[in-house]
Amino acid sequence: MQSKKLGWLLLSPTLFILGLFGIFPFIYVLWVSFHEWNPFAANPEKLFNWAANYRKLVFDAQFLASLGVTLAFVFFAVVSEVVIGYILAQAFMKDFPGKAFFRTIHTLPLIMAPIIVGSIWKLMTTPSIGIIPHLLKNFGIDLNIGQSAIAAFCITVIMDIWHWTPLVTLSLIAALVSLPADPFEQAQIDGANKRQIFWHITLPMIRPALIATVFIRLMDAMRTVDEVLMLTGGGPGSATRYVGVHIYKEVFPKTNYGYGSAISVIVLYLTIVICWLLYTSLIAPRNKRG
Amino acid sequence: MKRSNPWLAVALWTLISFLTLFPIYWLFVISVKPAVDLFSTPDVLLTSIDWQNYIKVMNDSTLRGYMMNSLIISTGNAVLVTTLGFLACYALTRFDLAGKESVFFWTITNRMAPPAVFLLPLYLLLTQVYVIGDFKLADTHLGMILVYCTFNLPFAIWTLRPTLDGIPKELDEAAFVDGASAWQVISVVIFPLARPGLAVTLILTWVFAWNEYLLAATLTNFNARTLTTGLSEYVTTTGTEWGIMAAISVFTLIPALIVFGMVQKHIVAGLTFGAVKG
């Protein structure tokens with residue numbers, strides 16, 4: 001009907017900008033990652049060094065430790081969010097006064113800047129000004145996220161739960177609302193108990209929505225940086241030095257751009273692989289069956 | 001649907017609302033506490049309100065500059081991505097372009113990448129490669145507006161596509177038959193119909209740009225530094241000005257809260273990329 005040229009013309013600014021700031025950076029970083037390059041060293045030139053950066057990376061204990069804590073963080077945060085989110089969504093199915101109001105309040109953290117969330121939780125948990133250490137003192141617990149690795153880890157997980165559970169709750173509410181009532185009534189008539197109904201009817205029916213939610217949360221949790229940077233700065237030690245924080249803290253101060261590029265490439269590669277595996281094993285087969 | 005007692009649900013949701021609101025309330029408490037009271041026993045109730053920290057923030061010319069930069073960058077970026085997203089979606093929904101679904105998917109993948117892996121390449125490109133004479137994109141408003149396209153442009157395309165799909169193609173065909181040019185069709189026929197979708201996209205992309213921290217912290221030094229990066233400048237190893245930090249946080253929070261009131265319904269669909277439509 002219309003000339004295809006016009007179509008591509010309308011798309012071209014988008015493709016141009018995303019190419020310049022989305023794709024080209026990765027081609028460039030891939031190229032740099034095969035070089036020894038530190039602009040502030042005695043020799044500021046790029047030296048091609050094959051895969052030396054990658055070889056170094058495999059034995060980099062700090063990087064591996066950071067991958068490990070990232071996985072632990074993602075696991076605890078996402079599992080808690082799904083469990084809490086499901087319980088809240090299920091409770092939301094009943095009729096009670098003020099539903100819309102409660103849901104509005106619950107949505108609030110979603111729109112907040114991660115850096116603000118980090119700052120809020122810093123004000124909540126820093127000893128001497130925070131309310132949480134103060135309250136815990138009454139129970140004889142001394143919470144100090146500046147010193148205790150496990151406390152810092154737990155607080156980052158709790159912060160993530162506070163920030164992102166609403167997303168899980170709201171998408172599960174949407175899924176539960178759209179379910180037909182018949183199978184549940186039939187199951188009750190047939191004498192199924194609550195647990196049977198959950199495992200055999202509710203879960204299979206909300207599965208697509210559940211998987212999509214978990215998928216989004218996994219990807220987002222893996223990229224967490226701002227709030228943790230603000231709350232703990234990756235410490236104490238490297239207890240909360242998640243991959244993103246590691247790149248920020250490690251690459252820029254050391255100006256070792258060749259090695260930093262290799263880290264960026266590997267993290268991107270791991271993210272793509274994990275997402276691809278999840279996508280093909282969980283989402284794609286469902287779509288095929290329709 | 002179920003006959004069981006709703007009061008359990010009410011109790012649960014009341015508790016959750018309290019847990020959601022309390023940290024925000026605490027931020028406000030710290031921001032209006034007189035500096036002398038800060039390190040006394042933490043008190044849950046507000047005993048006195050002291051606007052000192054807010055006055056300090058307003059009178060700080062550096063922070064005012066940061067606030068201005070944030071406004072310029074978020075507004076510029078939101079307008080740019082909404083416009084480009086609108087044109088791109090028009091092309092994607094109206095033209096039979098070879099490989100357009102791949103193009104669409106590729107734009108989305110730009111947003112999935114962890115922002116941390118963008119840091120070093122963008123830093124190197126903006127300071128060393130995208131340089132014209134003496135002009136570097138790093139630490140300029142234009143540079144940040146363009147960089148923020150990496151996450152906001154895919155978002156705009158993703159949220160605008162259903163809007164444009166929903167506008168019947170017969171409308172533009174009829175206009176073309178009447179002899180309208182492509183530009184007239186887009187501006188006179190399509191634009192008014194797409195306006196609600198464009199407004200939501202504009203508002204949400206504005207908030208995402210306003211909230212961004214990591215790229216701004218890496219790619220700006222002074223000229224284009226934003227409010228969120230100003231916030232982290234008050235956290236130092238020697239000591240943190242808690243009251244000021246809380247006041248800046250409130251300043252950063254306010255636009256998000258206003259926006260929240262305006263587009264509350266659309267937030268979930270937006271944040272989840274519409275993947276969880278239930």
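Glycine too: its Cβ is placed from the backbone N, Cα and C atoms.
Unlike curated entries, TrEMBL annotations are predicted automatically.
The domain 'ABC transmembrane type-1' feature in TrEMBL is assigned to A:67-278. According to TrEMBL, the transmembrane segment annotation covers A:7-31, A:63-88, A:100-121, A:149-177, A:197-219, A:257-279.
Long-range contacts of the transmembrane segment (A:257-279) within the same chain, counting only residues at least 6 positions beyond its ends with a Cβ under 8 Å from a Cβ of the stretch, are 26, 29-30, 32-39, 46, 49, 53-54, 56-57, 63, 67, 215, 218-219, 222-223, 243, 246-247, 250-251. The stretch in closest packing with the transmembrane segment (A:63-88), judged by the count of Cβ pairs under 8 Å and taken from A:7-31, A:100-121, A:149-177, is A:149-177. Across A:7-31, A:100-121, A:197-219, the stretch most heavily in contact with the transmembrane segment (A:149-177), judged by Cβ pairs under 8 Å, is A:100-121. Within the chain, the transmembrane segment (A:197-219) has long-range Cβ neighbours (under 8 A, six or more residues past its boundaries) at 74, 77-78, 81-82, 85, 164, 167-168, 171-172, 174-176, 179, 183-184, 187-188, 271, 274-275, 278-279, 282-283, 286.
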